[in-house]
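For reference, the structure is listed below as structure tokens.
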Amino acid sequence: MLPVVSIVGRPNVGKSTIFNRLIGSRKAIVDDQYGVTRDRHYGQAFWNGREFNVIDTGGYQPDETDVIWDGVREQVHIAIRESDLILFVVDTEGGITSLDRSVARMLREEDTPVLLVANKADNEERAMNATEFYGLGFEELYPVSAINGRGTGDLLDKMVTLFPEEKEEEENSIPKLAIVGRPNVGKSSFINALLDDDRCIVTDIPGTTRDSIHSKLTYNDKDYILVDTAGLRKKANVDENVEFYSTVRTERALQNCDVAVLMLDAMRGFEKQDQRILKNATEYNKGTVMVLNKWDLVPEKDSNIHREFEEYVYSRVPRMEYVPIISASAITRQRIHKVLEVADLVLKERKKSISTSELNDFIYGILKKKPLPVRGEVQLKIKYCSQVKSNPPVFKFFMNRPEKLPTSYHRYIENRIREEYGFIGVPITLRFVQK
Ligand code: GDP
Ligand code: GDP
């Protein structure tokens, strides 16, 4: 699991500016749920070889002090519960305020590690003046300028040292299937259908994590962990913050699974949120299966209707035809086992490994069929290739001038590899390197 860093502090100290600096050019996920009064952002960052998640819970309308304090307090409470590290941001322009003191008091009582960040230290003089913030009672102080980047490298160096140790992946760990999708598509119903099923054996697993509810299931003599991302939402009161963190949980479940089972509602089609989940699963190199749930509600199920659904979904997201789509019903239990069987196939595909000699024979063949182009004065040449990794699969191609390889040729190779070897439901990575 990637560490989670939350940014807290009073309004206008520069939290969102710091957030943007940490995630850099990567795109943030904006919480755009109905009824949300504040912008909240969630994104991934990378420093010294460590990836982590950053949460900016956004600004509060600066109307009444009481309201601000309630908002900040709530934000700090959730951050303490959900994060591995908290950045407590203060403003060197404004100096210490009573709100800063209250937040400091709350944070000092908790075990979650906290770094005190004095923002807007745009120059040496301001960085010197920041020392007044030692008055908040933290041992260390990080003066930074989110605007010009001053001090942010030191801050990041320190942050990375405070993350929990990365655990080696256990060789024989049980594969995790994350059941993800929009609210009300039937995730809980689907999981319950499997848990109640005669052909599935359910084992309790002690100490479920704070992120999601896990169930262990045996089907056809194989073990799986089902990760339920809906459960927590159901338990909680309807609350904006809880909603936001459940989006964050979906992301973490995706990052931490082997196969993402993206549930869609056959009556509602394919929407922006589905597209985002699908794209992110691919970005994290996870196996993916799509389930068109509530198939029982589809009238006139002739043989073409499933294909039409497939074409519709694939037309909304380019280059995803390798992701299998299963129509199912959590209520009538139609094809719920098929979902497990296809997820199992995807797990196998993800582990598939092709020998270097076989792969090279195959690649030479397809290079012959469609010769590499000349770019500038140079005839592009691929010398050899090998699958350097499986689970997820990565292929490395050694060639002259990799930077000149056209995208269309990259796709040509990927498409031929898929035709020949399948890799059903699995993103494959092709790397072209200089040799
Ligand atoms: P938030 O409400 O805590 O998320 O604060 P914002 O990130 O929206 O920033 C509030 C204001 O402070 C904006 O006008 C920013 O441009 C400004 N600001 C943020 N970081 C810095 C900084 O490092 N130096 C200076 N001079 N201004 C900053
Ligand atoms: P979640 O929010 O994704 O966990 O969705 P739920 O499992 O709570 O289901 C939302 C609603 O859809 C409930 O009223 C379910 O009874 C209904 N539902 C779920 N799966 C199916 C299905 O396959 N067919 C039909 N007809 N209704 C379903």
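Glycine is treated like the rest: Cβ placed from N, Cα and C.
The following features are taken from TrEMBL:
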DOMAIN    3-167  domain 'EngA-type G'
BINDING   9-16, 56-60, 119-122  GTP 1 binding site
DOMAIN    175-351  domain 'EngA-type G'
BINDING   181-188, 228-232, 293-296  GTP 2 binding site
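Locations of recorded TrEMBL features on the structure.
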residue : record             : CB count, 10 Å
G9      : GTP 1 binding site : 26
N12     : GTP 1 binding site : 14
K15     : GTP 1 binding site : 25
A121    : GTP 1 binding site : 25
G181    : GTP 2 binding site : 24
N184    : GTP 2 binding site : 13
K187    : GTP 2 binding site : 26
T229    : GTP 2 binding site : 26
W295    : GTP 2 binding site : 22
When distances run from the Cα of G181 (GTP 2 binding site) to each of the binding-site residues G9, N12, K15, A121, the nearest one: K15
Spatially closest candidate among G9, N12, K15, A121, the listed binding-site residues, to W295 (GTP 2 binding site) (Cα to Cα): K15
Sequence-ordered binding-site residues from N12, K15, A121, N184, T229, W295 with Cβ under 6 Å of an atom of ligand 1: N12, K15
Three-class DSSP secondary structure - T229 (GTP 2 binding site): coil
Whole-number Å value for how far T229 (GTP 2 binding site) lies from N12 (GTP 1 binding site) (Cα to Cα): 33
Rounded inter-Cα distance in Å - T229 (GTP 2 binding site), K15 (GTP 1 binding site): 28
Whole-number Å value for how far N184 (GTP 2 binding site) lies from G9 (GTP 1 binding site) (Cα to Cα): 34
Cα distance (Å, whole number) from K15 (GTP 1 binding site) to N184 (GTP 2 binding site): 33
